[in-house]
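Engineer: Please see the structure below; I have some questions.
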Amino acid sequence: MHAGGELGAAAGGSLLLCASLLAVGCALGLRLGRGRGAADRGLLAWLCFNALVHFALEGPYVYLSMVGNITHSDALIASLWKEYGKADARWLYFDPTIMSVEILTVVLGGSLALVLVYAIVKEKHYRHFVQITLCVCELYGGWMTFCPDWLMGSPNLNTNSWLYFWVYLVFFNGVWVLIPGLLLWQSWVELKKMHHKGSNSRKKFQ
């Protein structure tokens with residue numbers, strides 16, 4: 001595929017939109033997490049941003065792809081996906097694998113993010129169950145997004161441009177691997193602590 005990758009108006013606008021969603025997500029998360037520890041405040045900020053991405057960016061993509069074609073769409077949000085499509089051409093047309101993953105992440109991933117926000121704020125007992133489920137969903141979505149193309153030799157991926165490869169493909173997708181991975185580890189540690197606490201409590205009454 002062609003190299004390209006100049007940071008022009010389309011790329012700048014797309015990155016600005018993502019930065020705006022990040023700012024809104026962080027503001028919402030930090031507001032919801034007032035009085036809580038730094039880890040929970042950071043997690044709430046991530047979850048709010050995560051839900052915004054699923055519903056405000058990926059949701060319209062699914063709709064536009066179902067009723068037409070991103071390439072021929074004049075919708076404002078379509079310009080972002082046309083820009084991302086320069087890095088991964090599958091996003092420019094109706095790819096069954098991409099659509100299946102996006103429907104899953106929008107409906108299930110977005111909803112679980114909101115449920116997890118509620119569970120953290122209200123200190124619900126099911127917090128880590130939801131957290132683990134969400135993380136597995138996100139990691140599965142990332143794997144199924146790229147593995148089919150990798151098996152075919154990555155014909156749809158543009159790896160010749162620093163912008164398309166390192167920013168669009170590696171950074172933006174890597175975030176949804178790194179953070180869910182860290183959250184899975186956090187849940188593992190917390191569940192282990194709860195198990196030990198329960199075991200010690202039972203031993204005291206034996």
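Cβ atoms are placed via backbone N, Cα and C, with glycine included.
TrEMBL: automatically predicted annotations, no manual curation.
The domain 'EXPERA' annotation in TrEMBL covers 39-184. As annotated by TrEMBL, transmembrane segment applies to 12-32, 44-64, 98-121, 128-146, 166-185.
So that I understand the layout, could you describe where these features sit and how close they are to other parts?
Structural biologist: A Cβ distance under 8 Å defines the sequence-distant neighbours of the transmembrane segment (12-32), meaning residues of its chain 6+ beyond its ends; these are 41-53, 56-57, 79-80, 83-84, 117, 121, 167, 172.
A Cβ distance under 8 Å defines the sequence-distant neighbours of the transmembrane segment (44-64), meaning residues of its chain 6+ beyond its ends; these are 17, 21-22, 24-26, 28-30, 32-33, 36, 70, 73, 75, 77-78, 80-81, 91, 99, 102-103, 105-106, 109-110, 113-114, 116-117, 120-121, 179.
The list of residues near the transmembrane segment (98-121) in space but at least 6 beyond its ends in sequence, with Cβ under 8 angstroms from a Cβ of it, reads 29, 32-33, 36, 40, 43-44, 47-48, 50-51, 54-55, 58-59, 61-62, 65-66, 90-91, 127, 130-131, 133-134, 137-138, 140-141, 144-145.
Note on the transmembrane segment (128-146): residues 97-98, 100-101, 104-105, 108-109, 112-113, 115-116, 119, 173, 176-177, 180-181, 183-184, 186-187, 190-191 of its chain, located 6 or more positions outside it, place their CB under 8 angstroms from a CB of the stretch.
Residues 15, 18, 43, 46, 84, 86-88, 131-132, 134-136, 138-139, 141-142, 145-146, 157, 159 of the same chain sit 6 or more residues outside the transmembrane segment (166-185) yet have a Cβ under 8 Å from a Cβ within it.
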